[in-house]
Every structure is written in C-alpha cells, then in structure tokens.
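Peer 1: For reference, the structure I am asking about is given below.
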Amino acid sequence: MKVFTDRRLAVLVAGQYSPLLVQLVTGPVLARALGPTDRGYLGVALILVAVIPVFASIGTPAAARRLVAEGSDVATARSAAARSNPVIFVVTVVMSAVAVYIWFSGLSPVEVIAIFVLLALSYFGAVRMTILSLAVSEGSTNIIARYQIVGACLSGLGICSLAVLGRIDIVTVCIVYIVSQFAQFAAIVRYGRGPHRQDRRIDWTYALKSLPGQISDVLLIRVDQLLCSLFLGGHATGVYVVAFSYAFVAFPLVHSVGLRISGGKRRDELLANSVRVPLSVLFGALCFGVVWSGAAVWVVPLLFGGDYAESVPLAAILTFGVVLFSSATVNVQAAVSLGRAHLMSVIGLVAVFLEVVAVLLLGNARTVTTMAVVAVLASGVYYTLSLLVRQRSLLGVRGRTSSEGAGDESAVPASQSSERG
C-alpha cells in the first residue's frame with residue numbers, strides 16, 4: 001500500500017511540474033528560433049487556446065461538478081454536460097474566427113489557417129475542463145496528472161525535434177500543439193463513461209453564475225499580453241511574452257512556499273495565524289522577487305539571446321507582479337476555506353476590469369514598460385482585495401465562534417443551578 005501511495009504521489013508531482021520543466025526548455029528554443037515578432041504571435045495564440053475554452057464552456061464544468069456533489073454519479077454528470085457540447089463547439093469556432101480576425105489578420109494565409117485550426121480545436125479543451133472537474137470531485141488526481149504529463153511530453157518532444165531539424169515556424173509549432181491537444185483528450189476521454197441516468201440536467205443558472213469566476217481566473221495573469229498584442233503589435237508582444245515567461249517561473253516556488261507557511265486550511269488554524277501568516281508570505285515573496293528580478297540582467301540574455309534585450313527591464317518589473325499574484329492566491333485559498341469563493345471571483349474580475357481600463361486610459365503613453373507597470377499594479381490591487389476579504393472572513397468566523405462560546409458558558413450555570421434546586 002505504501003508503494004502504491006508513493007507511486008501516486010510521484011505521478012501527481014510529475015503532473016504538476018512537468019509543464020513548467022518543459023517550458024523552461026522549449027521557451028528559449030522557441031524564442032531564439034522564431035524571433036520576437038513570431039514569438040509574440042505564437043504566445044498570443046497559446047494564451048487564446050487557454051482562454052477561449054473557458055468562455056465557450058459557459059460554466060458547464062462547475063455545473064457538472066455540482067451534480068456529483070448532489071449525489072449523481074460521474075457518468076450521469078458527464079452525460080448531462082455532454083448535451084451542451086454542440087453549443088460549446090459553435091461558440092468555440094465563432095470565438096476562434098473573431099480572435100483570428102482581431103489578432104492575426106496580418107499573417108500569411110497558411111499561418112492564419114494553422115492558428116484558426118489550433119484555436120477551433122480548443123473545443124476539446126472545453127470538454128476536457130468538464131472531465132477534469134469531475135475527476136477533481138472524485139479525487140482522481142492521477143487523471144489530472146496523466147493529462148498534464150502527456151501534454152508536456154508531446155509538446156516538448158515535438159518542439160525539440162523541430163529544433164533539431166531546423167523547421168521551427170508558426171505553422172509547424174501549431175501542428176505540434178494540435179497533436180498535443182488530441183493526445184491530451186485521448187488520455188482522459190474514457191474517464192466517467194459508463195451506465196448513466198438520462199433524467200439529470202445541467203443547472204444553467206448555476207453554470208452562468210460560476211462563469212465569471214472561471215473567466216477571472218484565466219484572464220487575471222494573461223490579459224496584459226493580449227492587450228499588448230492588440231495595441232503594440234507582434235514585436236512588442238514577443239518581447240513582453242519572453243519577459244513574462246521569465247517572471248512566471250517565480251509562481252510555483254512562491255505559491256508552494258506560501259502554502260507551506262500557511263500551514264493547514266482548517267478554520268482554527270486560519271484563525272490562529274490570521275495576521276502573521278499573510279505578512280510572512282508577502283515578505284518572503286517580495287524578498288525572492290528582489291533576487292529574481294535582479295537576476296534577469298544575466299538570465300534573460302543567457303536563455304533567450306540578444307534579440308530580447310528589451311525583455312530584461314520588463315522581466316524585472318513583471319516579477320513583482322507575479323510574486324504579488326502568487327501571494328494573493330494563498331489569501332484566496334484561505335478565503336475559499338472560509339466560504340468566500342464567490343467573493344474571490346468578484347475581486348478577480350474587478351482587478352481584470354481595472355487593468356483593462358488603465359491600459360485604455362494610457363492612450364499614447366502605451367508602451368511595453370507602462371503596460372508592465374499597470375500589470376503589477378493590477379496584481380497589487382488583487383492582493384490587497386484578497387487580503388481584505390481574507391481578514392474580514394476571519395473576523396466573521398472569530399465573532400461567530402466567540403458568540404457560540406459565550407452562549408455555551410451562559411448555559412452551563414443555568415443547568416448547574418437547576419440541578420442544585
């Protein structure tokens with residue numbers, strides 16, 4: 001049993017870190033081979049592959065997971081969610097066409113077609129979201145790890161093979177990611193299939209209510225790159241994407257250490273460390289941010305080459321945005337444990353909205369530097385709001401606990417006096 005447990009843990013860890021490790025290898029390879037402009041277009045395409053399925057899913061993953069929470073089996077929940085697949089497919093194709101027109105109309109016809117196919121096939125990403133959501137509800141972490149490992153290995157091997165052959169361009173890289181999407185879907189498609197009831201339906205009111213939270217999660221650290229491409233063009237976006245990829249390396253470390261400092265997620269543990277923990281997490285994150293930001297002067301040119309000299313100051317700036325966002329996620333998880341998940345979704349949307357408005361108001365002052373500063377400020381707003389919600393939630397729980405304790409104490413003397421009488 002211990003061997004089995006260790007094996008499952010190893011698979012889970014591999015699933016969590018394999019995408020990051022592959023990105024550390026393929027990121028510099030793609031940046032050097034494509035150059036800033038094409039790297040910018042490819043970066044935006046991959047961001048849209050992550051964003052479009054969330055919009056197209058129209059909240060189906062959360063609604064399917066709720067069916068399981070209400071007592072339905074996974075097969076029934078998946079069957080109920082699958083009835084919306086035709087709508088999801090149409091929405092995905094329409095959004096892909098609009099995205100290609102907005103962001104990629106200046107590319108060659110072959111490149112436009114390759115990117116459109118990649119975006120349209122993100123339909124499988126929307127379906128995968130439902131399957132993975134059901135796996136989470138059952139605690140089937142091996143399914144999630146399998147999906148992550150397959151995607152990371154195939155994309156990594158494909159890009160490294162193209163690099164050896166000297167055939168890296170937008171079209172060939174899109175083909176690699178298209179194959180990876182099919183393989184990821186094939187790795188998990190059988191999960192949840194089986195006999196099921198036909199009378200269960202998705203609660204669309206709940207699905208639509210959950211959609212804003214999913215949108216804020218996927219846009220919060222990506223919207224700046226989409227806006228950069230929209231207003232500043234491919235070259236500037238390539239410089240920005242490389243800077244962000246360097247800065248984002250800080251996320252898993254800061255997030256993991258932050259959760260470690262936080263300790264448990266039970267209410268009594270959260271109450272005991274209500275002030276010290278968030279301050280400790282923030283202080284540690286900022287200290288690491290100073291070190292990682294300073295290292296950009298040497299690491300970025302070494303990994304990505306001289307074409308990305310403009311990325312160095314951007315990477316130094318964006319690192320602080322990433323560490324603030326990482327620290328905020330620790331606050332978010334604490335607040336979710338205290339029943340404030342919906343409110344956390346709201347503050348995520350607020351941060352995204354403020355960032356978009358700030359970029360629009362910049363006008364002629366829009367540069368990669370000013371947009372990076374706006375992104376950091378948006379992360380700061382998100383952190384501040386998450387901390388306020390966390391502390392307010394803790395105060396509410398502490399107040400209820402105190403009132404319940406006072407009620408118990410007042411009840412004891414009454415019972416004792418009645419016994420004496």
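Note that the numbers count up from 1, one per residue, in the order the chain is shown.
Glycine residues also receive a Cβ, built from the backbone N, Cα and C atoms like all the rest.
Okay, so TrEMBL annotates it like this:
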- 400-421: region 'Disordered' (REGION)
- 41-64: transmembrane segment (TRANSMEM)
- 85-104: transmembrane segment (TRANSMEM)
- 110-131: transmembrane segment (TRANSMEM)
- 143-164: transmembrane segment (TRANSMEM)
- 238-258: transmembrane segment (TRANSMEM)
- 279-300: transmembrane segment (TRANSMEM)
- 312-331: transmembrane segment (TRANSMEM)
- 343-362: transmembrane segment (TRANSMEM)
- 368-389: transmembrane segment (TRANSMEM)
Peer 1: Taking the transmembrane segment (368-389) as reference, which of 110-131, 238-258, 279-300 has the most Cβ pairs under 8 angstroms?
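Peer 2: Highest pair count goes to 238-258.
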Peer 1: Do the transmembrane segment (41-64) and the transmembrane segment (279-300) share at least 3 Cβ pairs under 8 Å, sequence separation 6 or more?
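Peer 2: Judged by the Cβ rule, the two regions do not touch, with the required three close pairs absent.
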Peer 1: Do any residues, 6 or more residues outside the transmembrane segment (85-104), come within under 8 Å Cβ-to-Cβ of it, and if so which ones?
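Peer 2: Residues packing against the transmembrane segment (85-104) from afar: 41, 44-45, 48, 52-53, 55-58, 60, 111-112, 115-116, 119-120, 122-123, 126-127, 226, 229-230.
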Peer 1: So if I exclude everything within five residues of the ends of the transmembrane segment (110-131), which remaining residues of that chain have a CB under 8 angstroms from its CBs? That is, six or more out.
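Peer 2: Residues packing against the transmembrane segment (110-131) from afar: 41, 45, 48-50, 52-54, 56-57, 60-61, 64, 78, 81, 85, 88-89, 92-93, 95-97, 99-100, 104, 143, 147, 170-171, 174-175, 177-178, 181-182, 184-185, 188-189, 191-192.
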